[in-house]
2 protein chains.
Amino acid sequence: MENQKDQDEVYMRKALVEAEAARAAGEIPVGAVVVCDGRVIARAHNLTETLCDVTAHAEMQAITAAANALGGKYLNGCTLYVTIEPCAMCAGAIGWAQLKRIVYGAGDEKRGYRQFAPQALHPKATVTGGVLADECRALMQQFFQERR
Amino acid sequence: MENQKDQDEVYMRKALVEAEAARAAGEIPVGAVVVCDGRVIARAHNLTETLCDVTAHAEMQAITAAANALGGKYLNGCTLYVTIEPCAMCAGAIGWAQLKRIVYGAGDEKRGYRQFAPQALHPKATVTGGVLADECRALMQQFFQERR
């Protein structure tokens with residue numbers, strides 16, 4: 001069996017594929033997947049421009065899709081992988097969904113939940129940050145540099 | 001011209017109509033409307049059970065619908081009326097939408113944004129709480145009492 005770090009990187013690569021898809025669509029490149037019992041049950045990327053909807057963050061759509069896949073709105077047994085630290089909105093949704101494990105790539109000093117909503121997650125949730133952080137961050141930096 | 005307090009109560013009554021619709025559907029009774037230039041451009045109520053989706057709070061749907069109505073994702077010129085103090089998730093969405101005025105009915109000591117995400121709103125947003133608070137709260141209390 002792989003160790004947790006290797007496994008986290010495998011799933012983060014799937015989230016990165018989603019982030020790439022966002023970039024290809026002209027969206028801020030953030031991707032997310034939800035994993036349950038070793039299976040990816042939801043994949044999503046940021047669609048705020050395409051949908052003209054500030055709530056269409058990768059995590060929000062991944063949570064909605066995962067609940068749909070499971071047929072229940074709570075995701076207690078699942079892990080969310082997302083390329084960038086969730087914002088306050090997404091952290092709130094993660095809390096409501098009772099997700100117990102969150103793995104993110106690069107931190108977000110400007111809008112990340114750690115600063116704006118540090119208690120929004122479920123009290124029993126564990127968080128792992130920094131997985132493939134350089135790759136996750138590079139996608140974002142490249143996106144914003146191209147738009148300057 | 002009506003004064004602001006009267007006007008706020010008029011729109012909060014429309015949000016209360018939405019909250020009643022939520023209750024009738026077996027949902028936690030929270031309703032919201034978005035007002036732009038004196039016109040209601042979105043109405044929504046909590047649909048978390050119906051949609052099996054923790055993100056389907058009244059405010060989230062109202063923000064999505066209002067952006068749709070306006071054809072732009074920012075709601076700078078709009079006011080959001082909601083019967084219960086927004087949670088961290090909804091406050092985050094309100095912040096992303098750049099809503100500059102938020103009016104809520106009853107406070108939410110357990111999950112309200114003032115405790116969990118006090119800085120999630122836009123820095124220039126003004127907030128008015130306590131509009132028709134007793135009616136907004138009574139709907140909630142009645143709902144939970146019936147379920148005990």
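Cβ atoms here come from the backbone N, Cα and C positions, even for glycine.
Note that TrEMBL annotation is computational and uncurated.
Listed in TrEMBL for this protein:
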{"type": "ACT_SITE", "residues": "B:Glu59", "note": "active site, proton donor"}
{"type": "BINDING", "residues": "B:His57, B:Cys87, B:Cys90", "note": "Zn(2+) binding site"}
{"type": "DOMAIN", "residues": "B:6-124", "note": "domain 'CMP/dCMP-type deaminase'"}
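Secondary structure at B:Cys87 (Zn(2+) binding site), as computed by DSSP, is strand. Using a CB-CB cutoff of under 8 Å against chain A, the recorded positions that qualify from B:Glu59, B:Cys87, B:Cys90 are B:Cys87, B:Cys90. Here the domain 'CMP/dCMP-type deaminase' (B:6-124) is broken down by DSSP into helix, strand and coil counts: 49 helix, 28 strand, 42 coil. Counted over every protein chain shown, other Cβ atoms within 10 Å are most numerous around B:Cys90 among the binding-site residues B:Cys87, B:Cys90.
The number of other CB atoms found within 10 A of the CB of B:His57 (Zn(2+) binding site), across every protein chain shown, is 29. Rounded to the nearest whole angstrom, the C-alpha distance between B:Cys87 (Zn(2+) binding site) and B:Glu59 (active site, proton donor) is 10. The distance from the Cα of B:Glu59 (active site, proton donor) to the Cα of B:Cys90 (Zn(2+) binding site) comes to 6 Å. Cβ neighbour count for the residue listed as 'active site, proton donor' (all protein chains, 10 Å cutoff from its Cβ): 29. Averaged over the domain 'CMP/dCMP-type deaminase' (B:6-124), the predicted model has a pLDDT of 97.
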